[in-house]
Amino acid sequence: MESVAAESSPALENEHFQETPESNNSVYTSFMKSHRCYDLIPTSSKLVVFDTSLQVKKAFFALVTNGVRAAPLWDSKKQSFVGMLTITDFINILHRYYKSALVQIYELEEHKIETWREVYLQDSFKPLVCISPNASLFDAVSSLIRNKIHRLPVIDPESGNTLYILTHKRILKFLKLFITEFPKPEFMSKSLQELQIGTYANIAMVRTTTPVYVALGIFVQHRVSALPVVDEKGRVVDIYSKFDVINLAAEKTYNNLDVSVTKALQHRSHYFEGVLKCYLHETLETIINRLVEAEVHRLVVVDEHDVVKGIVSLSDILQALVLTGGEKKP
C-alpha cells in the first residue's frame, strides 16, 4: 500500500498571509500545505467497501444503489485494502467482453472482483495509492495529479481503516470556502487563453449517432472521463461521461451497447440543464466559480458558434492553483 506520509505543517487554523506581489501567486499552495486531509473529512459521510470475493455485477449494482462512484476493495486473505473499484472498471469489463446484444456478458454476470483484477491487471499489480489523514492537502493534490487518479482513499495508518475518499471536486470545494479570505493572486484575473490551462489538442469526441460500444472504446483508449457529443458541424450538443455509463447497470441495459449515445443519455433528459461551457476569454476566477457552483468535473471550451475547442477539468484547475501558481503546467 503506497501511502503519502504527513509533513510537518504550520498552524492549521486561518493563516495570515503576507500580501506581497511575490507571495500572492503561491497563496493557495500555502493554504494547502497548512491544512491536513483530516480537516476536509466531514463528521458524517457514506463510504462503501467491497470484499474482493464479491461478484462484479453485485458490486456495480451496489455503487448505483448507494449513489457512489467508487469503493475501496478489501482482501480478506491479505487483511488489507488492495485497490479501488470504479466506473472505469465497469467500462473496461463491458468493452473487453461485449460481443453483441444477443450474447450475455458471462464475465460480468459471474466473475468475482478478484478474478477481474487478476485478468485485467495480469501481474502488473500496483500498490493502492492512499494517504494519511495527517498528510497535507498539498500532498493529496500532488498525489492525485502525479498518479493520474481521481480518487484518493484517506487511510488511518494505525487502524488501517478507510476514513474518506478525497477527490479533486471535494478539495476545490474546500478551498473555495476560504478563498475570499486571501489576497487574490494576479493569475485569477487572467483568461484561459493567457494561462493556457486545459487540453486543446486531440480532443476525444463522439457524434450523436455514435454507438455506446464505440464510446466505451474511446474512454479506454484515451483515458478521459467525458466525451463531448457534437453534431455534424462540430458544435457541442451534449456530453457523455463515465458516470453516465453506470446508468447501464442501473437500467440493466448493458447487454445492448449498439444503441447511440443520444439514446443512452435519454435517462437524464428530464433534469439535464445542458452542457456547461466556457470561453477562452473568460477568467480563471469565473471558470472556478462555474465549476464549483454547478458541481461538475469539467467545462467544454467552445467558440462563439459552440464548436468544441478544448476541455478544462478540475485536475487542470487544481494543478494551476496549487502546484504551478497559475503558470502553464510543465
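A Cβ is built for glycine as well, from the same backbone N, Cα and C atoms used for every other residue.
Within ARG223, ARG268, the residue that Swiss-Prot lists together with ARG69, LYS169, SER241, LYS242, PHE243, ASP244, LEU276, HIS297, ARG298 for binding AMP 2 is ARG268. The motif 'AMPK pseudosubstrate' annotation in Swiss-Prot falls on one of the ranges 93-114, 115-136, 137-158, namely 137-158. Long-range C-beta contacts of ARG69 (ADP 2 binding site), restricted to its own chain and to partners at least six residues apart, with a cutoff below 8 Å, comprise LEU63, THR86, ILE87, ARG151, PHE243, ILE246. Max Cα-Cα distance over the annotated ADP 2 binders (ARG69, LYS169, SER241, LYS242, PHE243, ASP244, ARG268, LEU276, HIS297, ARG298) is 22 Å. Shown for the domain 'CBS 2' (124-186): DSSP residue counts in helix, strand and coil, namely 25 helix, 15 strand, 23 coil.
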